[in-house]
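Down below is the structure, laid out as structure tokens.
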Amino acid sequence: MKKVQFSGIAPPLLLIAPQMAIVVIFFLWPAAEAVRTSFFIQDPFFGRAVFVGFDNYVNAVTRSDYLRSAAFTGVFVTAICAISLGFGLLFAVCADEVLRGEGPYKTLLMWVYAIAPPVAGLIGVMLFDQHIGPLVDFFAFFGWELQTGVDYWDTAFAMTVVAAWKQIPYNFIFFLSGLQGIPRSLREAAAIDCRSPARRFWTVVFPLLAPTSFFLLVINITYAFFETFGVIDVMLKGEPGNNPVSLVYKVYLDGFRGQDLGGSSAQSVILMVGVMLLTVVQFRFIERRVHYA
Amino acid sequence: MTPADGSRGGVPTLEITGAVKRYANGHLAVKGVDLHADEGEFVVFVGPSGCGKSTLLRMIAGLESVTEGEVRLKGRVVNDVEPADRDIAMVFQNYALYPHMSVYDNLAYGLRNRKIPKPEIDRRVREAAEMLQIGEYLARKPGALSGGQRQRVAMGRCIVRDPAIFLFDEPLSNLDAKLRTQMRLEIRRLQRRLGVAAVYVTHDQVEAMTLADRIVVLNGGRVEQIGAPVEVYNAPASTFVASFIGAPAMNLFPAEAEGGAIRVDGGSAPAPARARGAVTAGLRPEKARLVPAGGGLPFTVETVEELGATRLVHGHVGAASFVVSLEAGVSPPGETCAVTADPADVHLFDRGSGARL
Ligand SMILES: Nc1ncnc2c1ncn2[C@@H]1O[C@H](COP(=O)(O)OP(=O)(O)O)[C@@H](O)[C@H]1O
Ligand SMILES: [Mg+2]
């Protein structure tokens, strides 16, 4: 990294000002507002707010629909990470075998990254469509009448698969470039030291992918928590009914549909604290086992 | 194997016959190579970059497939044997240490995969570490070691395996000059002590000369010459070998041979009587003598390089540039003088093919 010495404090401050402005306007300020609102009950029609202390929090975490949503979110996030990281890695390993040293293919594969996530999301939703979805027909063949948007478990299944499917190309690209970054001689040294390719993978290649995996784990958890909003919304078509919803989607439902701004703010603050804790845990305990070569 | 090519009899540790390597893209990197390494022998592949040295070494290791021909280790054909099952150990140019494992684990990894009992692994690792003086770094990761220390760890990884043969691919090229000389001696000492055969790849002819029991000079995927370092130095088989082995390089110049002398530009110098007609003559800078004009091949002094122990006098013989190495303090006899030599020191090569006459 090239180091530049500024004279005075003004130029560097000026340079980070736009970034800071964005952080303040779109993150810090709304966050502070959410914290403030979470201590009030808003009257949606007359704009009066009544201070209620921690009532909204107590209310939120003791309600059965909140707990149900939290349990679903836990399973949902875990499943998405497992599926999308697992398949991303599997595909990357397959591609890496073919790609070693072949320049043109590599560039072509980068396209996956450029076009895949949004398109994959659309395709995923279509695959599960009640009327035209081939997957619905496929499962019907085995006697499973998939009722996305109607049956709780069917919807949960479809949501998880589509959300995970959407993330696979992203993980694939990062794993692939991680694999390609491992020097050839290192794999060759391993080939001399160890007969079993599977064992070589788990003892040499996978540990060297640890920085990539750690990064992707953080990204995928964040994705599963927050960015799956769109997939859930499309699947539910605005009719939550008896269907599973993630905590983030529930914040939206309670706040904007249920007009319970205080309760919804409390939920979002709980989420915020949860994510902060998760991040701390990730960096404290997982990163310690990661080897940055 | 005939005694003429240096074999000591018995089953050679390594034997390569008719080895050809064609890469997937059609490039022919090795074009039919025959060679062998006896028990405990140190064989060095030397040649310019791209001549196929690494390819040949990697064919021995099993890291590249053998297109044609056979590779045998201790009499067993290993063409289709996995690298891990070949009983070889290899030091890579960039060492290829496992960055996520401690030095101890780097050494032990291959042994653990072979299901060798723990106490035995520990004994071997500590013995190798002691031999290489890396005992105090066993708990460190390779990232926390210097280049020379990594080099030792890479050697240690080979030693603990107690293989039939060591393979080295330019292992010293990432070290600075001083360390290179030191490690070179150490590699030789270790190999002697362990009595394990070795194949060593380098583009550095000094390394080749100092390390080898036998040098294999490669050029464009073919063997130019195989022989002991002095043989290759004293009787290069071709102009290619002549110019590649020895520093400063042998002077090569067109001359007329007339049975007992060579003639250039009206001057003449004694030479072996083997040839007549147009030849390429060769004379090493340290074997050339400068004498007053008329006493040999006409030579004009252009520049003198002072090297301390020697001086290099640059000039031309005929149209070819020519270097004479003089002892310190000795000056050329004049601006225009002549080059001569003992006839035994003059090499004669075919003008067309470059082969030794
Ligand atoms: N994987 C490969 N595919 C195609 N050609 C290769 C490959 N590896 C090496 N080569 C070519 O084969 C020739 C010999 O390479 P190499 O054995 O590495 O040479 P050296 O080690 O003597 O410098 C070179 O011309 C190189 O470009
Ligand atoms: Mg090479």
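Any Cβ shown, glycine's included, is placed from N, Cα and C.
Copied from TrEMBL, the annotated features are:
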TRANSMEM  A:12-32  transmembrane segment
DOMAIN    A:70-282  domain 'ABC transmembrane type-1'
TRANSMEM  A:71-95  transmembrane segment
TRANSMEM  A:107-128  transmembrane segment
TRANSMEM  A:156-179  transmembrane segment
TRANSMEM  A:200-226  transmembrane segment
TRANSMEM  A:266-286  transmembrane segment
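By the Cβ criterion (distance under 8 Å, sequence gap of 6 or more), the transmembrane segment (A:200-226) is not counted as touching the transmembrane segment (A:12-32), fewer than 3 such pairs being found. Taking every recorded stretch in A:12-32, A:71-95, A:266-286 and counting its Cβ pairs under 8 Å to the transmembrane segment (A:156-179), the highest total belongs to A:71-95. Residues 6, 272 of the same chain lie 6+ residues outside the transmembrane segment (A:12-32) yet bring a C-beta within less than 8 angstroms of a C-beta in it.
With a cut-off of 8 Å between Cβ atoms, the residues of this chain six or more beyond the transmembrane segment (A:71-95) that come close are 109, 156, 159-161, 163-176, 178-179, 201, 209, 213, 216-217, 220-221, 223-225, 228, 244-248.
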